[in-house]
Amino acid sequence: MQPQIILITGASSGFGKITAQMLSEQGHIVYGTSRKPSENIGKVRMLVVDVTNSISVRQAVEQIISEQGRMDVLINNAGMGIGGALELATEEEVSMQMNTNFFGVVNMCKAVLPYMRKARRGKIINISSIGGVMGIPYQGFYSASKFAVEGYSEALALEVHPFHIKVCLVQPGDFNTGFTDNRNISELTGQNEDYADSFLRSLKIIEKEERNGCHPRKLGAAICKIVARKNPPFRTKVGPLVQVLFAKSKSWLPDNMMQYALRIFYAIR
């Protein structure tokens, strides 16, 4: 396979770092982004990019086009999570969540699409989440941001189909990455007597599942397959088998049963 010019956001750690390394090892020319200056990862060229800043995004894409002449694959991986009750989240917390996880994806796509349209080819891989299929308690705005990515990607795939541009969604379950330790916790939730106990029980379960989750190379391997395939599937679920099967069951399981199962799993009582 001809080496691809690939840009992956959020490549300084976790999924992004491992996936960038794996793609580079396969012979692709890989650029990674991070919000802060970061050393190159092997042959992966790191760029300082704030995905919430359209000017920063556009400058990075223009630099790659200037150096390589094209953009073959964009992987929107940059993301963050805020834990807490929906009612108590501040406007600043909600904006931070949506700006990074959703509008960051929008900014990146808007920057690369003119070049992909001109070339009449390209591939955009948006990292969503199983939390983008079902609302996770005390991760509500994270789920909302991923639901937004899902809807955006569905519409985008239709709009860019005439230009032979593929849009794909990857829905990870729980993986053992630095995401757990980097989660932002809303202080107001822990201080509220009505929510505190329920929140702490659920958070303990969430963090345990993440720490016992799959190795991130499993996700990296799935992304590498999508990059390699001419006609990849629109959606790919990756993670612990139980989580993948549960997410798939939403399409046929009655809503009240799904809600009941989630309450039991996350100790909502």
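Numbering starts at 1 and runs along the chain as it is shown here.
Yeah, the Cβs are placed from backbone N, Cα and C, and that goes for glycine too.
Keep in mind the model is a prediction, meaning the values are calculated, not measured.
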Of the residue ranges 10-14, 25-29, 235-239, which one carries the motif 'GXSXG' annotation in Swiss-Prot? 10-14
Its Cβ having more other Cβ atoms within 10 Å than any other among the recorded positions SER12, SER128, ASN176, the winner is SER128
Could you round the CA separation between ALA144 (NADPH binding site) and SER128 (active site, proton donor) to a whole angstrom and send it over? 11
What's the CA-CA gap between LYS146 (NADPH binding site) and SER12 (active site, nucleophile) in angstrom, rounded? 21
Where does the mean pLDDT land for the motif 'GXSXG' (10-14)? 91
